Amino acid sequence: DIRNNHQVIFISTFICMFMKKSSTIELFVNRLDSVESVLPYEYTAFDFCADEPEKRPSENLGQVLFGERIEPSPYKFFFKKNLECQRVCLKSYNTEKAEEKAKLDFLKKGMLLNYQHHWIVDNMPVTWCYDVEDNQKFCNPGFPIGCYVTDTGRAKDACVVSADFNDKDTFYIFNHVDITIFYHVVENEAAGARLVAAKLEPKSYKHTNMEKPDCKGPPMSLNNKFNGEVKIPYTYSVKFVEDKQIRWASRWDYILESMPHTNIQWFSIMNSLVIVLFLSGMVAMIMLRTLHKDIARYNQMDSVVSSAQKVHNPICTKRDNLSGSALFACLGFLSPANRGALMTCAVVLWVLLGTPAGYVAARYYKSFGGEKWKTNVLLTAFLCPGVVFADFFVMNLILWGEGSSAAMPFGTLVAILALWFCISVPLTFIGAYFGFKKSGIEHPVRTNQIPRQIPEQSFYTKPLPGIVMGGILPFGCIFIQLFFILNSIWSHQMYYMFGFLFLVFIILVITCSEATILLCYFHLCAEDYHWQWRSFLTSGFTAVYFLVYAIHYFFSKLQISGLASTILYFGYTMIMALIFFLFTGTIGFFACFWFVTKIYSVVKVD
């Protein structure tokens with residue numbers, strides 16, 4: 001039957017097309033970044049070989065905010081089909097033409113600042129693994145554009161990998177990559193095979209035959225003083241290797257286990273945990289014993305005059321998403337395979353926590369006898385987000401001016417404003433409405449309407465020394481982990497120790513509470529009843545130490561150069577310090593509020 005034959009041919013053709021499509025392995029390219037610059041750039045900014053215009057993979061909000069720009073690449077290959085020295089494209093630059101010279105100069109700038117490629121295969125980073133000290137391998141989820149040998153003959157960055165890179169004042173571009181794809185065969189499933197690792201080795205070849213390259217010969221060099229026409233051919237090779245040892249569920253482990261100084265990091269964190277727990281125990285023991293004796297002595301007195309006065313300057317409690325993000329990260333929801341999830345989670349939490357923020361701010365403001373409820377609600381809804389957005393907007397203008405991929409599109413800015421004004425602000429107003437409807441929190445004792453005179457204070461009970469001392473212990477508990485967090489942010493390293501980070505977060509909360517309560521008790525014993533703002537500033541001063549450390553980290557650890565990158569670093573650091581200040585300050589205030597309520601509830605008042 002002719003009709004049936006046509007149906008068979010159609011079905012067979014469709015199956016063949018589907019099998020061919022399913023065996024195609026797509027390689028995507030991401031933004032390029034550098035440890036010497038805060039400015040990331042899109043792949044096409046350096047005039048590399050580009051693919052035909054295709055639909056870009058969808059990006060979530062977190063990826064857009066982080067400046068990730070994932071695009072299809074011109075590197076095409078099929079499963080288990082090895083390729084040798086395949087030509088991708090040929091780029092030509094004539095230095096006598098201003099436009100082409102500008103492109104070549106920008107490419108040289110990328111090599112000079114050690115900008116790194118970031119490629120993706122099957123949602124995994126394509127890693128460059130090389131030998132380091134003590135015969136260990138280090139796998140970097142990126143590889144450089146090229147490298148530079150100075151006019152004094154010093155090989156910079158990746159130029160140390162080969163003795164052939166030896167010409168003075170010369171750039172060497174990595175125009176060839178050897179890609180190795182590791183897979184294992186799934187015997188009991190219909191999937192057939194799964195990719196478990198993707199590695200590459202960047203190389204440089206000055207191909208003699210541009211049409212049929214052989215990937216042999218001297219490296220592709222670009223003398224800094226050369227004028228004329230420059231041709232750069234790009235090639236690649238692909239090899240497939242079966243590996244039965246790597247499981248699908250643990251295919252990211254080879255990247256994590258190769259991180260340098262991993263053992264030292266674990267030992268340092270454990271050491272920090274033990275020290276902080278010991279100090280916290282000592283503070284708690286001293287606190288409980290001293291407090292027990294004082295309460296017993298107070299209860300023997302005929303009358304007690306409360307030294308806690310009602311203060312009408314409220315603490316406007318700010319919402320913070322640190323605890324939620326840390327919890328989700330600890331539970332494994334923020335996998336490195338899920339790009340942009342951390343920032344997306346933070347934005348969603350910020351928007352949805354508007355109701356509890358408004359409720360708590362209104363309830364505590366009413367408890368302290370506040371009367372300007374409109375000001376309280378407006379500050380809760382606009383103060384912190386407004387400062388952060390203004391800082392972020394200025395940083396975005398600089399990124400726009402520099403043509404960076406991290407510049408947020410105008411549409412995304414409008415979307416962020418819509419989330420703020422259309423969801424977060426109304427939720428804050430709703431929470432504040434219910435907060436003011438509720439009665440204020442009752443205090444365990446009556447307060448005098450006429451404030452008492454505060455006696456002369458000793459040095460350590462004065463406001464400034466107490467605030468400065470209060471942030472030392474909380475900062476000490478995050479000091480070790482802070483170094484690795486800043487490394488992951490500014491040195492583009494992968495952060496994966498969310499379990500330990502969550503433990504440090506818990507200890508930070510406990511330490512902020514204990515240190516603030518201890519100082520608050522000393523102030524009350526000295527008949528200084530102004531504890532509200534002081535409790536907030538005592539634990540919040542931890543952010544000042546964080547800011548000082550970030551400045552030290554910039555000058556001692558980073559190699560960032562350029563005015564724009566420096567402004568961006570300190571702009572983003574100020575945002576982090578502000579949020580950390582509000583977070584730790586809120587912990588201190590709530591801890592002291594609970595403590596004052598408890599101690600006066602157990603004191604007898606005749």
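Cβ coordinates come from backbone N, Cα and C, glycine included.
Unlike curated records, TrEMBL annotations are generated automatically.
Pulled from TrEMBL, these are the features on record:
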- 266-288: transmembrane segment (TRANSMEM)
- 341-365: transmembrane segment (TRANSMEM)
- 377-400: transmembrane segment (TRANSMEM)
- 412-436: transmembrane segment (TRANSMEM)
- 467-486: transmembrane segment (TRANSMEM)
- 498-524: transmembrane segment (TRANSMEM)
- 536-555: transmembrane segment (TRANSMEM)
- 567-596: transmembrane segment (TRANSMEM)
Taking the transmembrane segment (377-400) as the reference, which of 412-436, 498-524, 536-555, 567-596 gives the largest number of Cβ pairs under 8 angstroms?
567-596
Quickly jot the same-chain residues contacting the transmembrane segment (567-596) by Cβ under 8 Å, restricted to those at least six beyond its ends, or write none.
38-39, 308, 315, 317-318, 320, 322, 364, 384, 387-388, 391-392, 394-395, 398-399, 470-471, 474, 490, 508-509, 512-517, 520-521, 524, 531-532, 535-540, 542-544, 546-547, 550-551, 554, 558, 560
For the transmembrane segment (412-436), name the stretch out of 341-365, 467-486, 536-555 with the most CB-CB pairs under 8 Å.
341-365
